[in-house]
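Peer 1: Mind having a look at this structure? Questions to follow.
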Amino acid sequence: MLHLRVISPSERTGEVLHMLAAEPGATHVTLALSAAIDPPGDVIEADVARACANDVLAALTALDLVRTGGILFEPTGTVLSRAGERADAAAPTRPDGTVVWEQLLGQAREGARLTPTFLAFLAIAFLLSAVGVATASPMTLVGAMVVGPEFRPLAALSVGLVRRDIGLVRTSARTLAISFPAAMVVTALATLLWIRLGWIGVGDVENARAFDFIYEVGPFSLVVALLAGAAGMLALVTYSSTVLVGVFISVTTVPAAGLAVVAVFAGKWNVVLSSLAQLGVNLIGIVLAGVAVLLLLLLRDGRQGGSVMRREPRSGPPRRHGAPAATARPRRPTLRPDRPIPGEHECQD
């Protein structure tokens, strides 16, 4: 389930309670009058079945609460409640099979940003990959793959393409376009220092022959990138974080970039070009796979009637389950909505 917290202007509180009362996937509804200070208003909280979250978000957005109040969705922990069990049972699909699109979009916007932390992780990953190549250390290369944070902007790019969010696409692309060259420059400077100190020799790049999978581009380069991208996107939308580790290890984006830097100092330009080609194939494959997975999920949710895209605001509360049109309500709602929360009907997406 997801925990919902809404800051609602007093004149909209009755409509929010009415909507939650008509939603069988919502339970544990609480109301605190005039509890919000900035923005001012009432605070309404509820637990919502994941399969109904898109409908609830669309209804709240239609009430213009994004502008006049606030909406917060976050995963809940363990819920021990018969009412919660009934809400989950009323959902039309399994909780782990539902994508909360607005939540995914928020994650994508956060992951698309270029931050010092992202640059630091990427530079460290590139440095580890350069050390792994120079010392013929497979374990160091695996560590570089795990440390690399590049999947987040790649996933954000996929989300932006599917949602036709030009701003998100631009931000993700800018993050990738700046961070990869910057991390490669840092790796080049570090490699030059190590050579001057005598820690490695330019001939050490010959060790790359033991890791030809890093720079030799073949049909399976794209296959692996597509499979890893699909698995990564599924892990992202279902909160299966442990799967992401396998995704990081499957693709050779970071090792290919690190090898390209080391190969420059050895004058192995064929290795440089092959490594950059491998890097490009992996990046493109991951994005394409992410787009394909999201389109399939979008198609599935659309066939189920789910509210997968943000709806335009409209006046008046939403109508569900044959509920009558809303009539004028008092400015200050009572603590209990005027109709009980149903528990025996299915959510209508």
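Placement of Cβ uses the backbone N, Cα and C atoms for every residue, glycine included.
Below are the features I grabbed from TrEMBL:
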TRANSMEM  118-136  transmembrane segment
TRANSMEM  142-163  transmembrane segment
TRANSMEM  175-197  transmembrane segment
TRANSMEM  217-237  transmembrane segment
TRANSMEM  244-267  transmembrane segment
TRANSMEM  279-299  transmembrane segment
REGION    306-349  region 'Disordered'
COMPBIAS  335-349  compositional bias 'Basic and acidic residues'
Peer 1: Take the transmembrane segment (175-197) and find every residue of the same chain, 6 or more past its ends, with a Cβ under 8 Å from one of its Cβ atoms.
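Peer 2: Here the qualifying positions are 112-114, 118-119, 122-123, 125-127, 129-130, 134, 150, 153-154, 157, 257-258, 260-262, 264-265, 279, 283.
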Peer 1: For the transmembrane segment (279-299), which stretch among 118-136, 142-163, 217-237, 244-267 has the most Cβ pairs under 8 A?
Peer 2: 217-237
Peer 1: Cβ under 8 Å to the transmembrane segment (244-267), counting only same-chain residues 6 or more beyond its ends: which ones?
Peer 2: 122, 125-130, 132-134, 141-142, 144-148, 150-151, 180, 183-184, 187-188, 191-192, 195, 202-206, 208, 211, 213-215, 224-225, 227-229, 231-232, 235-236, 275-276, 278-279, 282-283, 286
